[in-house]
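Remarks on the structure that follows.
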Number of protein chains: 4
Amino acid sequence: MSIVCADDYRSRARGLLPAPLWDFIEGGSGDELTVDANRLAFDRISLRPRVLVDVSERSTATSVFGAALASPIGIAPTAYQRMLHPEGEVATARGAGQAGGLFVVSIFASRTLEEIAAAATGPLWLQLYWLRQRSALSRLVARAETAGYQALVLTVDAPVIGKRLRDLRNGFAIDAGVRAVNLDDALTEGKHISTPGTSAIATHAAATFDTSITWADLSWLRSTTALPLVLKGILTAEDAELAVAHGVDGIIVSNHGGRQLDGAIPAMRALPEVVAAVAGRVPVLLDGGVRRGRDILIALASGADAVLIGRPALWALTVDGSDGVAHLLSMLTEELSHTMALTGRPKLADLDPTVLA
Amino acid sequence: MSIVCADDYRSRARGLLPAPLWDFIEGGSGDELTVDANRLAFDRISLRPRVLVDVSERSTATSVFGAALASPIGIAPTAYQRMLHPEGEVATARGAGQAGGLFVVSIFASRTLEEIAAAATGPLWLQLYWLRQRSALSRLVARAETAGYQALVLTVDAPVIGKRLRDLRNGFAIDAGVRAVNLDDALTEGKHISTPGTSAIATHAAATFDTSITWADLSWLRSTTALPLVLKGILTAEDAELAVAHGVDGIIVSNHGGRQLDGAIPAMRALPEVVAAVAGRVPVLLDGGVRRGRDILIALASGADAVLIGRPALWALTVDGSDGVAHLLSMLTEELSHTMALTGRPKLADLDPTVLA
Amino acid sequence: MSIVCADDYRSRARGLLPAPLWDFIEGGSGDELTVDANRLAFDRISLRPRVLVDVSERSTATSVFGAALASPIGIAPTAYQRMLHPEGEVATARGAGQAGGLFVVSIFASRTLEEIAAAATGPLWLQLYWLRQRSALSRLVARAETAGYQALVLTVDAPVIGKRLRDLRNGFAIDAGVRAVNLDDALTEGKHISTPGTSAIATHAAATFDTSITWADLSWLRSTTALPLVLKGILTAEDAELAVAHGVDGIIVSNHGGRQLDGAIPAMRALPEVVAAVAGRVPVLLDGGVRRGRDILIALASGADAVLIGRPALWALTVDGSDGVAHLLSMLTEELSHTMALTGRPKLADLDPTVLA
Amino acid sequence: MSIVCADDYRSRARGLLPAPLWDFIEGGSGDELTVDANRLAFDRISLRPRVLVDVSERSTATSVFGAALASPIGIAPTAYQRMLHPEGEVATARGAGQAGGLFVVSIFASRTLEEIAAAATGPLWLQLYWLRQRSALSRLVARAETAGYQALVLTVDAPVIGKRLRDLRNGFAIDAGVRAVNLDDALTEGKHISTPGTSAIATHAAATFDTSITWADLSWLRSTTALPLVLKGILTAEDAELAVAHGVDGIIVSNHGGRQLDGAIPAMRALPEVVAAVAGRVPVLLDGGVRRGRDILIALASGADAVLIGRPALWALTVDGSDGVAHLLSMLTEELSHTMALTGRPKLADLDPTVLA
């Protein structure tokens with residue numbers, strides 16, 4: 001069967017992965033209300049196409065923090081990609097680079113920051129959880145700077161890990177042969193120990209994440225680096241306002257793909273209030289439920305500067321390594337361009353709320 | 001299989017109980033519209049999480065009528081718990097106490113008020129239906145006071161018993177070996193006689209409940225005791241206002257879990273108007289459809305002081321007696337705390353309508 | 001199995017009737033959108049119960065045009081009831097009388113007006129379609145007056161017969177042994193001739209119904225009789241206003257049970273605008289989708305003076321003749337009374353929009 | 001089985017066609033959201049019937065651009081009809097003429113314009129895509145004028161072809177024996193080459209359609225002909241206003257039956273804003289989801305002057321050639337007339353928004 005849309009990677013990947021691993025990447029927290037709502041929020045929005053516009057020349061090219069991108073699409077940070085493909089994050093970086101996309105590397109990457117950077121031809125950002133052990137963070141930041149990473153992403157929606165019932169039922173743990181190689185082994189050993197009824201991921205986070213940090217603590221992180229700092233997991237105008245007030249350089253509207261707070265407002269539904277609060281002062285990205293060029297166009301028309309793709313990138317990585325990732329991003333870019341043609345908005349700058357109904 | 005959420009107790013309990021008994025505890029009245037609507041009312045509400053809040057110290061501790069609770073969760077009154085577990089209400093009381101929760105004992109408890117009190121380490125309330133035989137009521141009230149019960153709950157949504165079609169089809173009657181031991185046998189004998197096409201519960205209520213009582217009659221009940229009086233089954237602002245005007249000490253917003261008036265407004269949908277009418281003058285509790293920490297947080301954010309759990313406590317009692325009940329309450333408390341962390345509201349006082357969307 | 005709700009008659013009747021006959025009574029027109037919407041309109045309305053009201057004495061008794069009824073429930077006019085039970089309309093009349101209900105006899109009754117009147121102990125109304133042959137109408141009116149019928153009901157929503165696809169596919173025709181005995185055989189002969197792809201009902205109506213009548217023609221019908229004249233099939237405020245202006249004595253809000261205009265506004269949704277336009281000047285009844293005491297209470301609270309039951313009466317007639325009809329009406333009356341108890345509205349006069357949400 | 005509604009042709013046609021061909025005519029683009037939404041938009045609208053209106057004389061007759069039609073129903077342009085029936089567009093033209101309907105011939109017709117015109121007894125319009133090769137267009141326009149076509153329809157919603165996943169998966173291509181005989185073979189050769197994972201239709205369009213045309217280019221097309229020019233694919237008030245400002249003679253509100261922009265606003269939902277913008281200056285037609293007389297009445301009541309039927313005409317052509325097409329149109333005309341009777345609007349001029357709810 002040909003791959004003609006992102007969901008085709010989904011069905012193929014499902015056939016390739018053991019059930020507990022599939023559940024880990026596919027599942028969300030609680031009743032998975034937010035997983036479903038993220039998708040539905042896009043499908044509830046209709047498009048108002050304009051006609052007789054010259055769409056012969058279309059461009060999806062854009063830039064973030066000065067780095068050129070073939071399209072406003074990046075790969076969201078996800079952990080331990082060697083569980084899905086032997087090359088892991090190296091393949092993802094290579095694929096993203098081929099397609100001209102951004103790649104946000106997880107703090108729990110299973111390849112070294114340097115290996116990933118060596119394979120990358122496009123921009124890399126490094127995602128961080130705020131570990132209790134701040135020295136581990138500052139070492140990572142220093143390595144990322146040296147390796148040419150262009151921004152830091154601090155995930156702020158995970159002081160504790162969501163109740164992912166599938167993982168709890170599966171007693172899910174990370175395969176012993178796949179390590180968070182950018183952190184001391186001691187710091188992540190617990191993630192490899194399976195216990196029925198618990199998730200090793202959640203247990204580990206409880207032990208190592210700092211749940212006490214507040215806006216005031218951001219200054220420490222900023223003091224360690226000159227890189228732009230992006231917060232991932234903002235869903236309200238209030239927090240968007242605070243982020244800008246605290247000098248944050250970018251915002252990712254996200255509910256962690258429905259994996260953290262079950263019942264959280266869908267990312268797409270939260271986007272307009274964040275965009276309004278930010279008022280163009282910093283870039284706003286969105287992740288959560290993006291599966292189609294249509295979804296990307298809706299997010300951009302609502303004021304997002306770019307979107308991140310989570311699960312689909314993992315499906316493509318599983319199925320075809322770096323080629324899969326590159327193909328997925330190119331396909332989505334092409335779908336975006338195609339939707340721009342059919343809505344009569346050939347430039348990204350044409351995308352505004354008048355296309356939405 | 002591990003128990004990772006309240007619904008896991010449901011599926012296990014279903015496998016353990018005979019079908020007519022399962023139908024009795026699970027079913028509602030009429031088309032069970034309200035049973036379903038109670039759940040749906042929670043799922044329709046989204047949450048707006050705040051980030052970068054110090055959630056390292058969270059507290060769910062609260063109190064009702066001066067009694068400390070580990071969390072704002074109690075067990076709703078349900079009858080004849082020995083049908084589900086040999087220890088009946090004694091197990092429930094022990095479990096509630098272990099978890100620091102409130103237990104509201106039914107007038108149709110199958111263990112004596114004194115046995116239950118002896119097993120309890122947390123607060124007990126006694127629920128009453130207004131029987132025609134007022135002497136039976138006053139005797140119960142006196143015994144409850146002596147045994148240390150801390151409040152009376154008068155159920156006001158059941159002048160007649162809902163048309164529970166499952167029970168009617170099953171000709172449901174209470175097992176002869178399980179008695180409402182706190183009442184004279186003569187008063188409850190009818191509940192043990194099965195007749196096809198009728199419910200012994202409904203027949204008994206028609207014979208023994210006083211359908212004529214009004215707000216004016218509350219003064220008699222209050223004259224029998226110094227205990228706080230809570231009304232269970234209020235769903236409108238008008239009645240909330242009347243309750244406060246008549247000196248009632250607390251209100252439980254409830255539609256009897258969808259077992260009485262089919263089509264009744266969902267408890268969660270009724271809560272805001274009751275809270276607005278009460279305006280903080282007395283505590284407001286809610287029951288009906290609470291299955292998750294998320295539901296509890298939504299109720300509290302809407303102004304409830306606590307919630308009561310009905311069917312899930314019966315499932316847990318069936319599966320594992322007092323340990324099941326304690327585990328269920330602890331799990332819900334933990335889920336509430338977890339949801340407080342993920343919404344950035346570490347204290348109960350932080351919960352207000354800004355978290356709802 | 002015991003009969004514990006109206007739908008229990010449905011499943012039994014279905015098992016007793018040949019499929020084309022079942023389709024004839026159960027089906028609607030077109031996509032049956034209105035059949036479904038009639039039901040859904042009730043289920044979308046929630047109830048706001050009041051508590052601590054003395055509901056020991058409840059009354060559903062009412063009257064229409066001076067005739068006492070045990071409850072505001074009548075049987076809607078439906079044709080050829082001998083297809084369902086050998087006694088036909090005589091059984092229905094006897095059953096309605098036993099239960100204290102109104103019976104509206106169809107112009108296409110399969111028993112004579114006089115036989116029906118002899119069996120009836122409650123009020124009878126006679127329903128008419130406006131036939132091209134006015135002499136047939138005036139003869140019927142005269143016989144109805146003589147036989148003690150208390151009102152005339154003119155169905156105004158059927159200038160042509162709805163596209164009932166089930167009947168078209170079945171080539172439905174009325175069994176030759178069941179005749180519209182109150183009309184000349186010549187006038188109805190066509191209804192007994194089955195032709196694949198057509199409905200004999202529709203063919204007959206096209207030949208015999210007068211599609212040209214207007215408000216001005218009502219004066220002729222009124223000139224033939226002193227009986228009150230009720231219009232059945234009003235769904236708009238505009239027509240309700242015209243009806244009152246033309247001296248009509250009552251209105252039945254109805255879409256013919258979804259058998260005429262597919263897509264017509266649900267009866268329950270149309271009721272409030274009709275009630276507002278009529279402003280109490282004449283009685284307003286409703287039919288369409290009434291299956292429960294709850295539905296009846298909702299209609300009455302919205303301003304209806306009574307409701308009519310169509311299909312459920314046919315189910316009950318099929319299953320158990322006059323006893324079935326009497327039982328159905330008594331059950332619905334009891335359900336209404338029960339719902340009045342649980343909503344804290346013991347008298348019909350207590351039912352107003354404050355009970356609806 | 002008798003054919004009693006348009007959907008009966010659907011099920012029969014499905015049984016007659018190979019799956020890839022069925023998918024080609026039945027499918028839409030992307031997730032087929034708009035295919036479904038087109039239908040749902042009609043079903044969400046209820047009708048408010050008026051009664052006691054003389055409906056004995058009803059007329060569906062109308063005219064477009066001076067040509068008389070039996071009813072405001074035409075056949076939408078669809079390509080390569082010889083794939084469905086050996087006579088192809090000749091059969092469709094003959095059937096449309098028999099029923100007094102308009103036929104819009106596709107630029108990719110598989111019979112010559114002249115053959116079609118010879119078979120037609122009703123008005124013909126010619127639909128065009130704007131090909132890069134303008135000489136091909138002007139030759140077609142000249143032939144159409146000569147052959148008596150009465151208007152040109154320029155499709156403006158297809159600068160690129162929608163992602164029709166079914167066709168992509170099927171590697172769909174047009175059967176080699178069925179040609180777009182009105183164009184040079186060289187211009188359409190590519191549509192007959194099947195390649196897995198691609199649609200020959202889409203590939204061909206990418207090569208031959210001019211994606212750069214704008215409102216300014218319309219003047220060239222108008223300079224080639226005196227025929228009225230109609231734009232097909234307008235969904236917004238803004239473009240309707242521009243169309244009138246540029247001297248266009250008519251507008252077809254359409255999203256290409258959900259085959260182009262997936263997520264496009266349903267045609268029926270777009271209609272009111274287009275009608276308001278046009279304000280009667282030019283005729284407005286609608287296509288997309290019309291399956292019933294009820295749908296047609298809704299469109300007309302919302303201000304459409306006529307509707308076009310796409311897929312149902314193909315089903316009927318497949319099943320029964322010209323007789324099928326004639327029967328379908330006559331059936332829809334009769335359904336429209338019937339719905340006019342049951343809503344109490346015997347003339348097309350009676351149809352206005354007061355019939356909608």
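Backbone N, Cα and C atoms are what each Cβ position is placed from, and that goes for glycine too.
According to TrEMBL, the feature active site, proton acceptor maps to C:H256. Taken from TrEMBL, the feature FMN binding site applies to C:77-79, C:S106, C:Q127, C:T155, C:K232, C:S254, C:287-291, C:310-311. Feature annotation from TrEMBL assigns glyoxylate binding site to C:Y129, C:R164, C:H256, C:R259. Residues or ranges marked as domain 'FMN hydroxy acid dehydrogenase' by TrEMBL: C:1-357.
Where TrEMBL records a feature, it is marked here on the structure.
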{"residue": "C:P77", "record": "FMN binding site", "DSSP (3 states)": "coil"}
{"residue": "C:Q127", "record": "FMN binding site", "DSSP (3 states)": "strand"}
{"residue": "C:R164", "record": "glyoxylate binding site", "DSSP (3 states)": "coil"}
{"residue": "C:H256", "record": "active site, proton acceptor", "DSSP (3 states)": "helix"}
{"residue": "C:D287", "record": "FMN binding site", "DSSP (3 states)": "strand"}
{"residue": "C:R311", "record": "FMN binding site", "DSSP (3 states)": "helix"}
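Within 10 Å of the C-beta of C:Y129 (glyoxylate binding site) we count 20 further C-beta atoms, all protein chains included. Among the recorded positions listed here, namely C:R164, C:H256, C:R259, C:H256 has its C-alpha nearest to that of C:Q127 (FMN binding site). Just so you know, of the recorded positions C:H256, C:R259, C:R291, the Cβ with the fewest other Cβ atoms around it within 10 Å is the one at C:R291. The two recorded residues C:R164 (glyoxylate binding site) and C:R291 (FMN binding site) have their Cα atoms spaced 22 Å from each other. In this model, the domain 'FMN hydroxy acid dehydrogenase' (C:1-357) carries an average pLDDT of 97.
Cβ proximity to the glyoxylate site centre (mean Cβ of C:Y129, C:R164, C:H256, C:R259, cutoff 8 Å) flags the following additional same-chain residues: C:S29, C:D157, C:A158, C:I161, C:G162, C:G257, C:Q260. In sequence order, the binding-site residues near the residue listed as 'active site, proton acceptor' (Cα within 10 Å of its Cα) amount to none of C:A79, C:Y129, C:R291, C:R311.
Within the same chain, residues at least six positions away from C:K232 (FMN binding site) with a Cβ under 8 Å of its Cβ are C:P77, C:Q127, C:V153, C:L154, C:T155, C:V156, C:D157, C:I252, C:S254, C:D287.
Taking all protein chains in view, 27 other C-beta atoms sit within 10 angstroms of the C-beta of C:D287 (FMN binding site).
When each of the binding-site residues C:R164, C:R311 is scored by how many other Cβ atoms sit within 10 Å of its Cβ, C:R311 comes out lowest. In sequence order, C:S106, C:I107, C:F108, C:A109, C:S110, C:A180 are the residues near C:A79 (FMN binding site), counting only same-chain partners six or more apart with C-beta under 8 A.
Taking the Cα atom of each, C:R291 (FMN binding site) and C:Y129 (glyoxylate binding site) are about 26 angstrom apart. Secondary structure at C:K232 (FMN binding site), taken from DSSP and collapsed to helix, strand or coil, is strand. In sequence order, C:N38, C:R39, C:A41, C:F42, C:G257, C:P266, C:A267, C:M268, C:D295 are the residues near C:G289 (FMN binding site), counting only same-chain partners six or more apart with C-beta under 8 A.
Around C:Q127 (FMN binding site), taking its Cβ as the centre, 22 other Cβ atoms fall within 10 Å, counting all chains. Cβ neighbours within 10 Å of C:P77 (FMN binding site), excluding its own Cβ and spanning all shown chains: 25. For the pair formed by C:R311 (FMN binding site) and C:R259 (glyoxylate binding site), distance between Cα atoms is given as 11 Å, rounded to the nearest Å.
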